[in-house]
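Scroll down for the structure; my scribbles are underneath it.
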Amino acid sequence: MRVSCWRSLPTCGLQSTLFQLRDLKAVGKKFVHVMYPKKSSALLRDWDLWGPLVLCVSLALMLQGGSADSKEDGGPQFAEVFVIIWFGAVVITLNSKLLGGTISFFQSLCVLGYCVLPLTVAMLVCRLVLLAGSGTVSFIIRLIVVIAMFAWSTLASTAFLADSQPPHRKALVVYPIFLFYFVISWMILTFTPQ
């Protein structure tokens, strides 16, 4: 006999909360995998797009210019950042699949999205540095932070995606990943608030 959620409403609410906590814990574990990259299939096995969505939205919000109606603000608009990240991830995923990769479409999107985490941290640090001032020292600090996090994002994503590619085509897969994170890094570095 099947029990519906309407008859056992407190039980369904508890189950829903447990599933949400389980999903939140899974997203947190994937963040840890990206911050300490090692060759592991845990990030690929249980893919999700919640973490990449949160990272993309937070990065787009931090890169958003000062006012929505001003044309001379210092950063790209929310939609521009959002589209660049998701379109870039889709193009890299399609490139990987066309080159004979064994990873699924959504697994690749998951890895590329989660590996935006170091760049999101870089954007947060750059915003804090820009609060202190915008001189040469500020630019050098931001440059060092962005370069380090760019390298971290690129290395983390290639550590997860490298095993899914044929050995003689790995460079053809890594180059678009390099360009993808370079464009995001460039947007972070060149951001100037109003």
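Placement of Cβ uses the backbone N, Cα and C atoms for every residue, glycine included.
The following features are taken from TrEMBL:
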type	residues	note
DOMAIN	36-187	domain 'Yip1'
TRANSMEM	47-66	transmembrane segment
TRANSMEM	78-99	transmembrane segment
TRANSMEM	111-133	transmembrane segment
TRANSMEM	139-161	transmembrane segment
TRANSMEM	173-192	transmembrane segment
One stretch in 78-99, 111-133, 139-161 has more Cβ pairs under 8 Å to the transmembrane segment (173-192) than the rest, namely 139-161
Across the domain 'Yip1' (36-187) the predicted model averages a pLDDT of 85
